[in-house]
Every structure is written in structure tokens, then in C-alpha cells.
Amino acid sequence: MAGKSKNHIYAGFTSGLVSAVVLQPFDLLKTRVQQSNGKSMVQVIKSLNTPLDLWRGTLPSALRMSVGSAMYFTCLNTVREAVAGGRRLTVGDRSTSSLPKLTNTENLISGGLVRGTVGLLVMPITVIKVRYESSTYHYKSIVDAATSIYKHNGMRGFFYGWAATFARDAPYAGLYMLFYEQLKVALPSILFSDITTSSHSEKYYSSWSSAMINSVAAATSAGIATTCTNPFDTVKTRMQLAPKEYPNFLTSVKTIIQHEGIQALFRGLALRICRKACQAGISWCIYEDLVKRFERMNLPGPQL
């Protein structure tokens with residue numbers, strides 16, 4: 001079990017790191033669109049000094065995503081293994097994944113609980129990331145951001161927006177896992193017309209087929225789950241950037257709707273869908289491929 005856990009830690013860390021660095025511009029633009037009172041994405045882009053400004057906040061993003069993904073994927077697999085109780089693919093079945101197979105309800109609950117918990121654990125990094133990306137605060141470094149937050153808000157400042165974060169992350173991950181696992185079963189016959197008539201002597205589909213199926217399933221699932229949970233993300237961002245104006249979840253929702261209308265809760269949705277869909281496609285594809293490679297090589301994973 002220890003060796004298998006290392007596989008998931010390494011695969012999760014790598015997938016999170018790659019997706020964070022590649023997709024940081026989407027995250028920064030999403031944060032600034034959500035913090036503004038009606039500014040369009042074009043206006044936000046024009047306000048940037050140089051193209052490199054799009055990668056402002058990459059360090060905390062990479063730290064949060066790499067560590068968070070390592071924790072999430074490892075804990076998720078542990079929980080799913082325990083829930084599955086030894087269930088395996090039936091003889092003749094092939095898969096794009098080496099992960100345990102669960103029912104829809106089990107996927108929904110396990111994904112939600114694990115993601116919600118991990119989200120709370122990495123909250124301090126998330127708060128630093130959001131403030132560093134925004135145009136409201138002008139921190140000189142990550143250390144300066146952390147010091148300033150602690151000086152003005154104490155330890156409590158690192159957990160602003162925790163309720164909105166949990167309300168966003170748990171449903172998002174639960175819905176994501178539900179749709180992701182279903183799509184992985186449905187997509188092979190849709191994307192590849194001859195895949196169901198090919199030989200079933202192999203346990204998994206080819207690496208290329210698996211990557212295509214997993215990426216499309218991940219991106220589609222992320223788009224659906226993101227749309228459903230975007231209001232919570234908007235509220236979370238406001239609470240972390242202006243805690244005095246948005247002191248708690250319910251007050252924040254009321255304030256936003258009263259002053260900007262209900263549509264403001266979906267501000268930044270297009271950017272978030274783009275980022276989440278791409279992030280899911282990249283991270284889950286890399287993660288599942290690395291886990292399968294370790295399994296095929298019968299290796300315990302890199303030494304940590």
C-alpha cells in the first residue's frame with residue numbers, strides 16, 4: 001500500500017504542477033474579472049503592463065495545485081479503494097484507468113468529501129494566491145503577502161472564504177467524479193467506432209486512446225461541474241479580497257445580488273470553464289497515465 005500511495009503522490013504532484021503553470025493566465029484573468037464591478041475580460045487584459053503579468057501568482061498557484069493534487073489524488077484513491085472493497089473489472093472488460101470502479105452515489109460522495117477536505121487544508125495558500133493575483137493588493141513577494149495577511153488579519157485571515165470554498169469544492173468534485181466515470185465508459189464507442197470490436201486481450205486501451213478518452217471525459221465533466229458551482233467561486237473570491245465588505249457567505253451573496261444583480265454570481269464563468277476544463281483534461285490525463293505506467297512496470301513509484 002505504501003508503494004501504491006507513492007505512485008499516486010508523485011502522479012498527482014506532477015499533474016497539478018504542470019496544469020498550474022500552463023493555465024495560470026486563465027486563473028489570473030478570472031480573479032480580476034470577478035473582483036471588478038463590470039469590467040470585461042478585454043478591459044482587464046488591457047490593464048496589464050506586460051504579457052508576463054499573466055503569470056503573476058504562479059508560485060502560490062503551483063504550490064497549491066501540486067501539493068493539493070498530490071493530497072487529493074492520494075486520499076481519493078485510498079477512499080475509493082476502501083469503498084470498492086476489492087471490486088475489479090469483469091473478465092473481458094477494458095478500461096482507460098487503473099482506478100477503482102464505484103457506483104454513481106459512491107463517486108459523488110467520495111469525490112465531494114475528499115476535495116472539500118483537501119480544499120480546507122490548502123486554504124492559506126489559496127488566500128495568498130488570490131490576493132497576489134488581484135490588482136487590489138500590490139505585494140512585493142509571496143512572503144510579503146503572507147506577512148501582510150497575518151499582520152492585518154491574524155491566522156483567521158488565511159481562512160477567509162472557507163465556507164464558500166467548501167460549498168464550491170465539495171459539490172464540484174462530487175459532480176465531476178460522477179460525470180467523469182460515466183463518460184469514461186460511454187466515450188470509447190463514441191470516439192472510436194471500431195474500439196468495441198477490437199481485441200479485449202489487453203487490460204487497458206492504448207495510451208493514445210486512453211489519453212483521448214480521459215481528456216475529453218475530464219474536460220466535459222469539469223465544464224458541467226464548473227457551471228453549477230461558479231456562484232460559490234465568485235463569493236469566495238470577494239470574501240478573500242475584501243473581507244470587511246464581504247464578512248460571511250450569506251451577507252456576501254446578498255450584497256452582490258443587491259448591487260450587481262444575480263448575473264454577477266456568474267462573472268468569470270467563461271474563463272473558469274476554460275481553465276477548469278483544460279486543467280482537468282491535463283491533470284487527469286497525466287495522473288491516470290503515470291499511475292498505469294507505474295503499475296505496468298510493477299514499480300513502487302519514485303522514492304520520496
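Glycine residues also receive a Cβ, built from the backbone N, Cα and C atoms like all the rest.
Positions annotated as repeat 'Solcar 1' by Swiss-Prot, on the basis of sequence analysis: 3-82. Under the heading repeat 'Solcar 2', Swiss-Prot lists 106-186. According to Swiss-Prot, the repeat 'Solcar 3' annotation covers 209-293, on the basis of sequence analysis. Taken from Swiss-Prot, the feature transmembrane segment applies to 9-34, 57-83, 108-133, 161-184, 213-239, 268-286.
Summarised by DSSP class, the composition of the repeat 'Solcar 3' (209-293) is 75 helix, 0 strand, 10 coil.
Within the same chain, residues 40-41, 44-45, 47, 53-58, 61-62, 64-74, 129-130, 133-135, 233-234, 237-238, 267-268, 271-272, 274-275, 278-279, 282-288, 290-291, 294, 301-302, 304 sit at least 6 positions outside the transmembrane segment (9-34) and bring their C-beta atoms closer than 8 Å to a C-beta of that stretch.
Note on the repeat 'Solcar 3' (209-293): its mean pLDDT in the predicted model is 92. Using a Cβ-Cβ cut-off under 8 Å and counting only residues 6 or more beyond its ends in the same chain, the transmembrane segment (213-239) has close neighbours at 31, 34-35, 96-97, 130, 160-161, 164-165, 167-168, 171-173, 175-180, 183-184, 187-188, 191, 205, 245-249, 252-253, 256, 264-269, 272-273, 276-285, 288-289. With DSSP classes pooled into helix, strand and coil, the tally for the repeat 'Solcar 2' (106-186) is 69 helix, 0 strand, 12 coil. Mapped onto DSSP classes, the repeat 'Solcar 1' (3-82) shows 69 helix, 0 strand, 11 coil.
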